[in-house]
There are 2 protein chains.
Amino acid sequence: MEGNKVKIITTKQEICQWAKQVKTSGKSVGFVPTMGFLHKGHLSLVHEAKQANDHVVMSIFVNPLQFGRGEDYTAYPRDEERDKKLAKEAGVDILFMPSVNEMYRKQQSIKLMVTERTDKLCGAKRPGHFDGVVTVLTKFFHLIMPNRAYFGLKDAQQFAVVAALVDELDFPIEIIPVNTVRVPSGLAISSRNVYLTIDEKKQAPALYQSLLLGKKLIEEGETSSTVIIKTVSSYLNKQLGETVKIDYVELLSFPELEEIAEVSRKVILAVAVQFSAARLIDNIMVDS
Amino acid sequence: MEGNKVKIITTKQEICQWAKQVKTSGKSVGFVPTMGFLHKGHLSLVHEAKQANDHVVMSIFVNPLQFGRGEDYTAYPRDEERDKKLAKEAGVDILFMPSVNEMYRKQQSIKLMVTERTDKLCGAKRPGHFDGVVTVLTKFFHLIMPNRAYFGLKDAQQFAVVAALVDELDFPIEIIPVNTVRVPSGLAISSRNVYLTIDEKKQAPALYQSLLLGKKLIEEGETSSTVIIKTVSSYLNKQLGETVKIDYVELLSFPELEEIAEVSRKVILAVAVQFSAARLIDNIMVDS
C-alpha cells in the first residue's frame, strides 16, 4: 500500500548514507525540495517524481539564507504534523527535515552567487534571495544525489536559475519543470491564497485570465512587447479596480529572462499583484 | 600488468556516463586533478589514490578561470604525450582531458566565490585565483563523482580552501592531503625547479632547512609568532644572500589560515622566495 513507509531523516549523515546505498543499488531517486506547509502544488511534484523514480525524497526546510532582512522568515507558516501526513499519503519515501544548525554548521566561507536573471520579476525586490536558493539546493543535491529534481513553474524564475545552476556546474541531475496547479477558476494554488478576503477571492482569477489574454494576443500574431504588456495591464486594472496594486507585468525571454522588444521565441509572461494581505504571482509560457 | 589500460576521455558526457556506471557497480573512485606537466609530486597522488580506490581518474586541464590578468596561462608548460605516458605507467585508469570549450560552454551566470583564506600566502597576490579553482573542482566533482580526491600539501592553501568547499557544500567526497615530495636535499619537487640556475639549485634547499628550523623552535617551546618568523627570515637571508628576494614568511593557524600571535595549536609555516627565473614555495605543518 502506497504511503505507508515514509521515513523521517533529520541528519546529513543519515541521508547521505541512505543516498550512497541507493546509488549502489542502481535504483533512481526523485527529489522534491519544499519549505513545507504543503499544498496540492507540492503534491503534484511528488506525483510526477513517483512516475519516473524508484524512490522519492522530499525535503522540508525553511531556508534562512533565502530570506532577506525584513522578510517573513520567522513568520513563515509551518505545520510539521500535517506535512508529514500529506507526504505519507502522497507516497514520499524519505522526508528530510534537518534543523538550521544541521544544515549550516558554520558561516559559509565559500559562497554561491547568482549574477544573472536576478533583477527581473520577484528577484528585483529580493536581493540575495537566489544566492540562498542555489546554496541550499547545492547542499541538498550533494547529500541526496537525486537523478531528477522537481520544481513547479509557478516560480518560473527559480526554475530558470536552478536549471542554469545544474547546467553550468555540471550536476549529474535532471531538473524537471512541473506545471502550476490551479483551482477550477484558474487561480494558481498558493499557500498565500488563504490571506485573500472574500471579495479578493472573486477577483484573483483575473491574474490567470490576463495571462491567457496575453497568450492569445501572441498566438494571434502580436509581437510587440509594449502592446502585449499594456493590454494585460489594462485588463488587470479593469478587473481588479483601483485598490489593488499591480506590482509588475513582465514579458521576458525564457529561460534567459531577458527583456525583449519583439516576441520571436519562447517567452514568459508574468504578473504580480498586491492584495490587502497577500501578494500573488502567476505566469504563463508561450512558444512563439 | 599495471598501467596498460589508461583510457583517454575528452567529453563531459562520456566521463559522466562512465562515473554513473561505476557508482552502480559499487566500486570506488579516487580522483587526482592536475594541470598536467606531471612530476613525481603528481605521481605520488596517484600512488595514494591507487591504494584506497578501485579506479583512479586523473584530470589534466589548464583551467583559464584560475589565472589572473598578466599571469602565465598561455605560457603554462604543456606536454600531453609525456603526461599520457607517465599517467599510464603510474596506473591511472581514466585520463580526463577536456578542452576549455568543453568545460566552459558559456559564461558562468552562477559564481563560486571564496571569501576567506584568500588574502594570505600566495592568494594575496592572485585575486580570483581560488574562485577559479573551486569552480573547476565543483564541475569535476559532479562529473566524476569520486569517493576521494587527492591534493598535495605543497599548495597547503589550496588544500585548506578545497577542504572548506567540500565541508561547507556537503560534497559526498573525502579530501585526502598528500605530503610534499622532496629530493634528497629536502627541496620540494616542482615544475619550476628547472628554471633555477646551477648556483640557485645549491641555495634552494635552504627553504626547507628554514622550515625545519622554525619547526624545531616551536617544538622546543617557542610560541611567539614574531620570534619564529624573524628567526626563519634571518636564516633564509643569510643562506640566500642579497640577490634573492624573500616574498613572504608566514605563520598561520591551519586550516583556517588566520594570523596568530602565539602558537598554541596546529599551524602552517610557509615561505615563498623569488629566484632569478623561478618563484619557489614551501611549507611545513606543526602540531603544537
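Positions of Cβ are set from backbone N, Cα and C atoms, glycine also.
What TrEMBL says about a protein is an automatic prediction, not a curated fact.
For reference, TrEMBL has these:
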type	residues	note
ACT_SITE	A:His42	active site, proton donor
BINDING	A:35-42, A:152-155, A:Val181, A:189-192	ATP binding site
BINDING	A:Gln66	beta-alanine binding site
BINDING	A:Gln66, A:Gln158	(R)-pantoate binding site
- Can you tell which of A:Gln66, A:Ser191 has the most other C-beta atoms within 10 Å, given these are the binding-site residues? A:Gln66
- Task: Let me know how many other Cβ atoms fall within 10 Å of the Cβ of A:Gly41 (ATP binding site).
- Result: 21
- Number of Cβ atoms other than its own within 10 Å, given for A:Leu153 (ATP binding site): 18
- Compare the C-alpha of A:Val181 (ATP binding site) with the C-alpha of each of the recorded positions A:His42, A:Gln66, A:Gln158, and give the closest one. A:His42
- Query: Distance between A:Leu153 (ATP binding site) and the residue listed as 'beta-alanine binding site' at the Cα atoms, whole Å?
  - Reply: 18
- Where's the emptiest Cβ shell within 10 Å among the binding-site residues A:Leu38, A:Val181? A:Val181
- Task: Pop the Cα-Cα gap between A:Leu38 (ATP binding site) and the residue listed as 'beta-alanine binding site' into the table, whole Å please.
- Result: 19
- Query: Across all chains shown, how many C-beta atoms besides its own are within 10 angstroms of the C-beta of A:Met35 (ATP binding site)?
  - Reply: 17
- Task: With H, G and I counted as helix, E and B as strand and the rest as coil, say where DSSP puts A:Leu38 (ATP binding site).
- Result: coil
- Query: Hey, what's the Cβ neighbour count for A:His42 (active site, proton donor) at 10 Å?
  - Reply: 28
- Message: Counting only residues 6+ away in sequence within the same chain, which have a CB under 8 Å from the CB of A:Gln158 ((R)-pantoate binding site)?
- Response: A:Phe130, A:Val133, A:Phe151
